[in-house]
Amino acid sequence: MLPLHISLEKKKVVIAGGGSIALRRLKTVISEGADITLVSPDVEPEIKQMAEERRIKWEKRTIEKEDYLNAFFIIAATDNAAVNKEIAQSASPFQLVNCVSDAELGNVYMPKIVKRGHVTVSVSTSGASPKHTKELAENVDKLIDGDFVAEVNRLYQMRRKK
């Protein structure tokens, strides 16, 4: 797979599921300015709070194909592997799909992201070991020096002035 950084600004993102994995995925995409709809009969309290704050739309029911027909990015994160598989297999080949129960059913892995200022590092084990991905990301984070981040941020500002 080719690692890319994709803008989700104003793109329609649909998340199926409301548990802890859905919440982790939601936290990753919410900061990117996406138009997020989460579909699940039950959700973690933090997801409910985000919906109450109107940061996301929450449909309190099971997912239906119509929910993700026009989505740019679909995250199949229910606690039912068969439902996740159905979502992944019925998506258009032009949609980005992350399937949490079987990464190979989707066409997108969600890496662990280490972000400090304008320095962004994506870390992935291609779905093989989330535990090792997390461990590696923590090690990478320790390598990113504050002076380095400041220099990159300064250069970013200089380039914008050109």
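In case you wondered, yes, glycine gets a Cβ from its N, Cα and C as well.
Annotation comment: Swiss-Prot describes Ser20, Ile21, Pro41, Asp42 as NAD(+) binding site. Following the DSSP three-state reduction, the secondary structure of Ser20 (NAD(+) binding site) is helix.
Sequence-distant neighbours of Ser20 (NAD(+) binding site) (same chain, 6+ residues apart, CB-CB distance under 8 A): Glu44. Secondary structure at Pro41 (NAD(+) binding site), taken from DSSP and collapsed to helix, strand or coil, is coil. With every protein chain in view, the residue among the binding-site residues Ile21, Pro41, Asp42 whose Cβ has the most Cβ partners within 10 Å turns out to be Ile21.
Of all residue pairs in the NAD(+)-binding list (Ser20, Ile21, Pro41, Asp42), the one with the greatest Cα separation is 15 Å apart.
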